[in-house]
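Beneath this line is the structure, given in structure tokens, with notes to follow.
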Amino acid sequence: MHELSVVYPIVQMAARLARDNGIERVTCVRLAVGEIHDLVDEYVFKYYDRFSKGTPLEGSRLKMRRIPIVYRCSDCGNEMVFDHFSFAGAETACTACGSARTDMVSGRELQIEGIEYLAPNQSREEPAASEDEGGGPQ
């Protein structure tokens, strides 16, 4: 259950981002998660709900975008895609040329991609505003 140690800092960062930008009510947090982390959705959502209580995130949704594990061969450029089930114990030598010179090019990600929120005096019927990583309120 390593989900606890992953979710807690994410909630803290998103809550800090909301407070620092004067956002009182977050409606959704969008998260990119590499398959290497092998997170169990049930626990992620449970801890998200628990840790978001008393913060601007309380009652918000968490959306996770899974990113597959991809290895690229340094010799021929072939890419091999794994999910967390097929990666366990998998041989990472190139399936095209047999080279052992392969590098993981995706699957390690763990980042907040953006948050959606209600602007002051905005009703739930209106579309939520959003703030994406690297940008300001839109």
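Placed from the backbone N, Cα and C atoms, the Cβ positions cover glycine too.
TrEMBL does not curate its annotations; it predicts them automatically.
Note that this is a predicted model, so its numbers are computed, not measured.
Copied over from TrEMBL:
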BINDING   HIS2  Ni(2+) binding site
BINDING   CYS73, CYS76, CYS94, CYS97  Zn(2+) binding site
REGION    119-138  region 'Disordered'
COMPBIAS  128-138  compositional bias 'Acidic residues'
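All protein chains considered, the CB of the residue listed as 'Ni(2+) binding site' has 11 other CB atoms within 10 Å. Around CYS94 (Zn(2+) binding site), the same-chain residues six or more apart in sequence whose CB sits under 8 Å from its CB are CYS73, ASP75, CYS76, ASN78, MET80, ALA100, ARG101, THR102, listed in sequence order. Annotation for CYS97 (Zn(2+) binding site): spatial neighbours CYS73, ASP75, CYS76, ASN78, criterion Cβ-Cβ under 8 Å with sequence separation of six or more. According to DSSP, CYS73 (Zn(2+) binding site) sits within a strand segment. Least crowded of the binding-site residues (CYS73, CYS76), judged by neighbouring Cβ atoms within 10 Å of its own Cβ: CYS76. The Zn(2+) site is defined by CYS73, CYS76, CYS94, CYS97, and by the 8 Å test on Cβ atoms against their centroid, the other residues of the chain that qualify are SER74, ASP75, GLY77, ASN78, THR95, ALA96, GLY98, SER99, ARG101, THR102.
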